[in-house]
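Colleague: Sharing a structure, written as structure tokens. Questions coming.
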Amino acid sequence: MIKTKNRADNTGFLYRKLDFFLFVGLWLWLAIFQVAQLKQDFWKTYLSTLLVLVVVQLPAMAFAWYKPVLRKKLCLKQYLYLWFFCFVLLLPLLSWGWINVLSESVGPSLIFTAALSSFAFELLLCADRFYRKRAGQIKWIKKIRFENAVLMSLVLLAVILSAMAVSSMGNPAYDSPKQLLIGFEFSLLQLFRHWLTFLSFTMQFLLMYLAGYLFFMINSRLLVSKILKQKGLLLYLLSVLFTVALLYPFVGQLLILLPINDTFGRSIFLNNPFTLENAGGAIGIMLISLPVVLALQWATQNNRIVSLEKEKTETELHLLKQQLNPHFFFNTLNNLYALSLRKSDQTPGSILQLSELMRYVIYKAQQEQVQLSEELAYLKDYIELQQMRLLKPLNLTFKQELTQNDLLIAPLLLIVLIENAFKHGIEPAEQTATLSLQLSCTSDELYFSCENSVEGTDESNRGGIGLINLTRRLDLLYPGRYTLKTGLKNAMFKAELQLMLK
């Protein structure tokens, strides 16, 4: 009988190489900008530009392609040295050499722009990665709801438009007796001189945006979450029409009364608050925001489900550990009992060794992960303690191929296979028993095999509650990232466990 869990396929290629594809996008856009204003020879110019730019951007693309591997294989200092070499040394040198080679056919501005864009783009990706790591540690960022983020954006937009409007005052290009146009201007001196006007504009712009925000909130908190969810699409659409009919004349009248209309021209809002343009704007806000609201509610519900599943998983893992600990406890008590009957001189040392094992089970086992070296020391102590109570000698081999001992794994996984070997194969043996262990580990993968001799072919030799619990723990801790095989052949029971650590 063989129990197998297949490892997950090598998916997520696009995710792992995302930085590379983003640099490819930058490469394409730089070429597009060169041909966007042309009236002929589009494709010829586009393709030739791509060929010119690929040489300049080669260091950035190559580094982005191998970036996931470099992060795993290199330490931080080595990684930074290589980054500095690619973007600070090689990129400018390659650009300078390419400018000299193509000086007669291509202007240096294109190559210079490509090099500078690649460097700036890499800095942007680094800053984004740093921000996302920091954002995960800052609690107040997590607490910002989407509605609050929209409100903050509206306040910021009102402030920016007001600053630009005040900065445009007195400029003949924008300011006339009939109306004031908002230009792309910013003057601290103007803001200081007309700070009351700036505050007035800000409040009025904000009031305009809050009118639309009101319809968005009604749609999000009431119409979608209550009526659409419980009553269906038809009643939702009718409720939208009712809400707009009830509110839009009053909102329209309020906006008409704002002094900002006289400043920027009466064309902002018509004199009639009942005009259908106002109703169309309100309906448009509610319908356009509908997919966003649905997506946010789905995400909230999905997060709630994930949270409940995580709590369930943690509870189940705790129960599985509680089942594992008594099993080990009873086995070790039997060991001490056997030694005391024999009045062995090894009893004091065994008690001390047992205390270390129990300390590991009680404290270390409560952690999510432990170092492989700690788990390995626990296995060796357990085997030595078990050997003391055997009446027959044990033919033991333990092969180890480890690249590093500080890798992290879930505690008390490997011991289950050894416990199963002693319980069902070695302890009942009337002849010399055999136990062959093999452990090999790299930074990405761990392989452990446990092969023991068995006498007889009874089904009990094939494992019990220990292997069942192990399989369930692996499902919870390494879903889709492990392989567990057990089989009986030629009076040898073999269990193989393969873990994908990353």
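Backbone N, Cα and C define each Cβ position, glycine as well.
Annotation comment: TrEMBL describes 20-39, 45-66, 78-99, 105-127, 148-174, 194-216, 236-260, 280-300 as transmembrane segment. Residues or ranges marked as domain 'Signal transduction histidine kinase internal region' by TrEMBL: 316-390.
Buried or exposed, and what's around them? Tell me for each listed feature.
Modeller: Within the chain, the transmembrane segment (20-39) has long-range Cβ neighbours (under 8 A, six or more residues past its boundaries) at 14, 45-46, 49-50, 53-54, 57, 60-61, 64-65, 67, 110, 113-114, 117-118, 121, 125.
A Cβ distance under 8 Å defines the sequence-distant neighbours of the transmembrane segment (105-127), meaning residues of its chain 6+ beyond its ends; these are 19, 22-23, 26-27, 30, 34, 49, 52-53, 56-57, 59-60, 63-64, 87, 91-92, 94-95, 98-99.
Only residues 6 or more beyond the boundaries of the transmembrane segment (280-300), in the same chain, are considered here, and those with a CB under 8 A from a CB of the stretch are 146, 212, 215-216, 218-220, 223-225, 240-241, 243-244, 247-248, 251.
Averaged over the domain 'Signal transduction histidine kinase internal region' (316-390), the predicted model reaches a pLDDT of 74.
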Colleague: Do any residues of this chain, six or more beyond the ends of the transmembrane segment (45-66), have a C-beta under 8 angstroms from a C-beta of it, and if so which?
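Modeller: Non-local partners: 17, 19-20, 22-24, 26-28, 30-32, 34-35, 38, 82-83, 86-87, 90-91, 94-95, 98, 102, 106, 110-111, 114-115, 118-119, 121-122.
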Colleague: The transmembrane segment (194-216): which same-chain residues, six or more beyond its ends, come within Cβ distance under 8 Å?
Modeller: 147, 150-151, 154-155, 157-159, 161-163, 165-166, 169, 243-244, 247, 251, 254-255, 258-260, 281-282, 285-286, 289
